[in-house]
Amino acid sequence: MADSIPLNPVRKNSKRIPYYNSARLSRYSSEDDPSNLDEMPLMMSEEGFENDESDYQTLPRARVNQRQSGLGWFLLGGWKVLCGSCCDCLAHICRRKKELKARTVWLGCPEKCEEKYPKNAIKNQKYNIFTFVPGVLYQQFKFFLNLYFLVVACSQFVPSLKIGYLYTYWAPLGFVLAVTMVREAVDEVRRYQRDKEMNSQLYSKLTVRGKIQVKSSDIQVGDLIIVEKNQRIPADMIFLRTSEKNGACFIRTDQLDGETDWKLKVAVGCTQRLPALGDLFSISAYVYAQRPQLDIHSFEGNFTREDTDPQIHESLSIENTLWASTVVASGTVIGVVIYTGKETRSVLNTSFAKNKVGLLDLELNRLTKALFLAQVVLSVVMVALQGFVGPWFRNLFRFVVLFSYIIPISLRVNLDMGKSAYGWMIMKDENIPGTVVRTSTIPEELGRLVYLLTDKTGTLTQNEMIFKRLHLGTVSYGTDTMDEIQSHIIQSYAQVTSQPSNGSTNGATPSRKTQTSGPKVRKSVSSRIHEAVKAIALCHNVTPVYESHGGVNGETESAEADQDFSDDNRTYQASSPDEEESTGDITFYMKGADVAMASIVQYNDWLEEECGNMAREGLRTLVVAKKSLSEEQYQDFENRYNQAKLSIHDRGLKVAAVVESLEREMELLCLTGVEDQLQADVRPTLELLRNAGIKIWMLTGDKLETATCIAKSSHLVSRNQHIHVFKPVSNRGEAHLELNAFRRKHDCALVISGDSLEVCLRYYEHEFVELACQCPAVVCCRCSPTQKAQIVRLLQQHTANRTCAIGDGGNDVSMIQAADCGIGIEGKEGKQASLAADFSITQFKHIGRLLMVHGRNSYKRSAALGQFVMHRGMIISTMQAVFSSIFYFASVPLYQGFLMVGYATIYTMFPVFSLVLDQDVKPEMALLYPELYKDLTKGRSLSFKTFLIWVLISVYQGGILMYGALVLFESEFVHVVAISFTALILTELLMVALTIRTWHWLMVVAEFFSLGCYLASLAFLNEYFDLSFITTWPFLWKVSAITLVSCLPLYIIKYLKRKFSPPSYSKLSS
């Protein structure tokens, strides 16, 4: 199909052309096949065709957008881009990565290494002793809010700019910084202790003089390391010897690939056969290893022994490797280290955690910039009304400082304390026991999610396989008829007189069993069941083996060594457990996915239909077949297979070609169906999330068929929905055609493999993401850990929506850290995902309550709290502006010293903070109507519209309070301060009551406590208030009148709005 796209000749200098004119683009469209390309004008740049491995940004539109320039562009954010690119360039020069190369490693001779390799130390710290203070300060002052307060506080050291007392500016700022630094220091010390513990683990190193103990961080490339049972493997090694007699061991890889099943690893034959351990130093041997790479499922290398004639060469594949962070499950192993530290597979696949900043924080940051602009404009107006007389520039700065309360520093403190409170509430929720909040800075993100990216095995499923169905073509057996199979087998063994099996193990050479077979006539049900069950028993590993590229040796139940060949779709277990005495026939058993096996087995009329039936029941299917071989056929195959295994280039392809020569016209034995049971309440939870407007993507390392099957059974894809399986593509032309085919489909779920995804993203990133985002569900199978993280970043860049990743294994860590909100499930696959996540839960179903209830409350409460704290600052700034404008535009503060500190803290802090207990909808209602969640993603609770409403309220109330006090005071100016300040405190307490939607007893306590504190403190505020005046009736009625005028209209407006235009949630609760 790709050949049908005419690829135009390319000029060599095409790389210099930044973008293309329309005439040149139209040339492509006219030459392409219109039937394929008319539906989707995917742009094909010449550059992309010239360089097949070109970067993702080959789309001309991406370049056109980048060409904007000019003063307007510079002022509107261009300076940020320029500064960013300069910093990136400097950083790139400073940490230019050393090119990773293939290497030759001599056994036990680290000194023979030609290059210097990285230290084998684990380092997860963000800072060191020198960068801690500058680093933390940078993280704080990169926020405009904190930087602004630093400048204002520093200005108070200049006598001509000083307004009020120093402590009113420095105390709040110092408190914020102290709390942050202590929190960061505690986290950093914990990280240091964890790293030190890992780096200090002791291992036995084999030397010429015997065993010595070395720390994990001191291990070098070329060292011979002994790892005991249940010990972590410290670095990437080649497996040389084991204490197990069969030359193989099992390892646990749950912290590397997230899979709980043990993996079988095989020692290098040459070193395993040596009589004693010390003989490893008496031979001259080396390992040739490919350059370090990300892929944890493949490895190519060779082992060579030089001191024999002829030299011994053995091919090394993934089955001979022991990757770092895996754990030895059986026996003791000895390996030679080939990669250390940053070059190990586990570190290469780990992305560093970023400092996550919530969307609400960014929105508030934008609002504070708007407030700052308003503050400067107000100051300029004041100076302009003065007539720019005298040192007007100094007066301008004094006004800026005077109005600095328009941006309250308590905003940051209140929000941080609120987030801690939300975290505590989540962990105390009895409906989601065991939930842990690890990142307290982003609970509001739970209420703004649009995309949920989930792992499959262990997250949606329980990772427990149950045998459910055996189908022989004419007869099918289920769980309730398994006893019939048992009786048939007993019956067939009673009829067949067979000699006991004598399994012997000899490397990769198959062992023989003897059995008498009946004449070639139509077999009875008993004999067919006997054949099928025998095939399943023999063509099976006690411990499931990960299906990787190249050969894997699995241990069968009778301790025979099977040769197990795998590619993306199937497992071949080329064993010969059956050999007939008279003819010497060898039987080749094979099992695999129905898609792969359909073309391999002999023609039949039931396989496809039954596979479909089982898939609809949510069962995972496996087809079992066999083929008889003669001794000559087997020897020919074995010779060609061993030859293919030794090649360095295209080893996988050559091995696959040899194996394929056996896969023809095989006899179909049976079809099996197993169920990977879903976790409790997965279906209702996914439906709840879908109704809430969250788009769900499943990213899994599993096979395409299995992933599709689980997507159907979990109702990720609804029953009547069409599934579009994206065909495998390997180049630009194929990707172009397949994307056009996908474009024509409407409202269908997409299933795509990792390899095809990579090709699409290389050439058509924008188009692919645009199409995929329109799908109700997307399933990506055969995804590596880094690909999962890449998909998360793509969605963030292209949609600008908030993403959430949920997983339970070490292979999900990169994805969890890349997402705006990472959730880890603590399950069978270890705690790595749970520890790396922002939130840790024990079951997938808990995510429903976490988002619908806690996400909603956290976002709504923070939005209300943030805007109220801003209102508290704006109202007092409005009063200051009115005061200054009446008194000849003097830059004199209205309230000084303790009044300002008390206003922001003890007098109003508790009622305002009690807004973190408010809720607009009961939890039961939020779960019953998940559609309410859709409104949250639009961000209407905190927007420029709601912000402007609060600004208008602040201006109105500030004006009324100040003018009212000035109109009603009689003789003393000190009475203005007393009347206006008391009315201000009462107004704030009443405004909190107006904002609250659901009362809590603590809110009532906070209101009366604050009022009590203010009344009690009046006795001590002699320098600000006239005590003889504030105990009189005129004071009381004037304060009451002003407060009533400032608050009553707002209560009336709220009542009318609730009556004639109620919000959606209030309709439900009524």
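Including glycine, each Cβ sits where the backbone N, Cα and C put it.
The shown structure was predicted, so the numbers you read here are calculated from the model rather than taken from an experiment.
Annotated by TrEMBL as transmembrane segment, the relevant range among 680-700, 764-784, 869-889 is 869-889.
Across the domain 'P-type ATPase N-terminal' (113-170), DSSP assigns 29 helix, 0 strand, 29 coil. In terms of C-alpha distance, the listed recorded positions ASP455, THR457, ARG620, GLY701, ARG782 place ASP455 closest to ASP812 (Mg(2+) binding site). Local packing around the Cβ, expressed as the count of other Cβ atoms within 10 angstroms, is greatest for ASN811 among the binding-site residues THR457, ASN811. Straight-line distance linking the Cα atoms of ARG782 (ATP binding site) and ASP455 (active site, 4-aspartylphosphate intermediate), rounded to a whole number, equals 11 Å.
Counted within 10 Å of its Cβ, the other Cβ atoms near GLY701 (ATP binding site) come to 26, all protein chains included. All protein chains shown were included, and the count of other CB atoms within 10 Å of the CB of ARG620 (ATP binding site) stands at 21.
Around the Cβ of ASP812 (Mg(2+) binding site), the number of neighbouring Cβ atoms within 10 Å comes to 33. Outside the transmembrane segment (167-186) by six or more residues, the chain places 127, 132-133, 136-137, 140, 146, 149-150, 152-153, 156, 409-410, 412-413, 416, 897, 900-901, 904 with a CB less than 8 A from a CB of the stretch. For ASP455 (active site, 4-aspartylphosphate intermediate), the number of other Cβ atoms no farther than 10 Å from its own Cβ, over all displayed protein chains, is 29. Broken down by DSSP into helix, strand and coil, the domain 'P-type ATPase A' (212-345) contains 19 helix, 51 strand, 64 coil.
Among residues of the same chain six or more beyond the transmembrane segment (396-415), those with a C-beta under 8 A of the stretch's C-beta atoms are 143, 145-146, 148-149, 152, 155-156, 161, 163, 172-173, 175-176, 179, 361, 364, 368, 371-372, 374-376, 378-380, 382-383, 862, 865-866, 869-870, 872-874, 876-877, 880-881, 884, 891, 893, 900, 904-905, 909, 912-913.
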